[in-house]
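Peer 1: Copied straight from TrEMBL:
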TRANSMEM  26-47  transmembrane segment
DOMAIN    59-136  domain 'Peptidase S54 rhomboid'
TRANSMEM  67-90  transmembrane segment
TRANSMEM  102-123  transmembrane segment
TRANSMEM  129-146  transmembrane segment
TRANSMEM  153-174  transmembrane segment
TRANSMEM  180-203  transmembrane segment
Amino acid sequence: MRKLNAAVDRFAYSHPRFGIPNLMKFLVGIMAVVFVLDLFSNGYASYMLYFDADLVLQGELWRLVTWMFLPISGSLFWIFINLSFYYFIGTALEEYWGTAKFTLFYLACAVLMVVFGMISTLWNPLPVVHSGMLNRILFLAFATLYPDALIRVYLILPVKAKWLAVLYVVLTIYDLLRSGLWGALFTLPQLLAVWLVYLVFFWDKIADLLAEFGFAVRHQNSQQTIHFKAAVKQQRKKAQQQGYRHKCEVCGRTDADFPDLQFRYCSKCAGYHCFCEDHIFNHTHFTS
């Protein structure tokens, strides 16, 4: 698991232009359009887009992708609240990780959900593959990175994200246990898909948490990688006191002055050093 986690980071650093900038804006916009189309077509838009393994095998291949664009059902008010909320947490994740890593996380969840969904047709003719599962794992990722962020439940009650995440995990496990073996087989494949991706992306944080509770976790990272990750935590604390999060070591540009500019951190440099997209592969590495 640790090697997969490191491979994800290497891919994101090596391919800074990979992915779709403002991915959540794109997804939320399409969901809003589908919701409006459903209002005027009596749900026909969603009918043409939802995941159905049998229809996929009959040639309707677009259903492998379009299920991600289906909004959660509800009134206009709650649709607006849900889309606004998931736009907020998705944008926060992209800002924290960068476009490449966030896009990889989202696509990995979606692809595994489809793969596990197709496999589960062996015992379930109507596998559960829907955007709600994707949105919930996005929230779990957000709560892991921003545990103390306040979320106003029903727009009134402020609760820290970490406690809502704990509640989500507990309720999910409870529902699985209550549903019995056959009931669990209907939803478990999708849960395994997104939770597997979550474990890969957050393995370091999970290992640190286990260590705090006395569980020994072997670290096979190089000494340079360990120093780099320690510097990451130190720099993020420092960034909270500044008016920007990222500043290029070469040209001095910041994400506050240039919000559309991509910034990356070089794992080959000693310490924690940020570079813009023009200098991430064009700089002299820090050695001390």
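Placed from the backbone N, Cα and C atoms, the Cβ positions cover glycine too.
Whatever TrEMBL says is automated annotation, not expert-curated.
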Peer 1: If you count every Cβ pair below 8 Å, which range out of 67-90, 129-146, 180-203 shares the most with the transmembrane segment (153-174)?
Peer 2: 129-146
Peer 1: Hey, which bits of the same chain come close to the transmembrane segment (129-146), Cβ under 8 Å, at least six residues off its ends?
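Peer 2: Long-range Cβ neighbours of the transmembrane segment (129-146): 31, 50-51, 67-72, 82, 86, 89-90, 92-93, 96, 105-106, 109-110, 113-114, 117, 161-162, 164-165, 168-169, 190-191, 194-195, 197-198, 201-202, 205.
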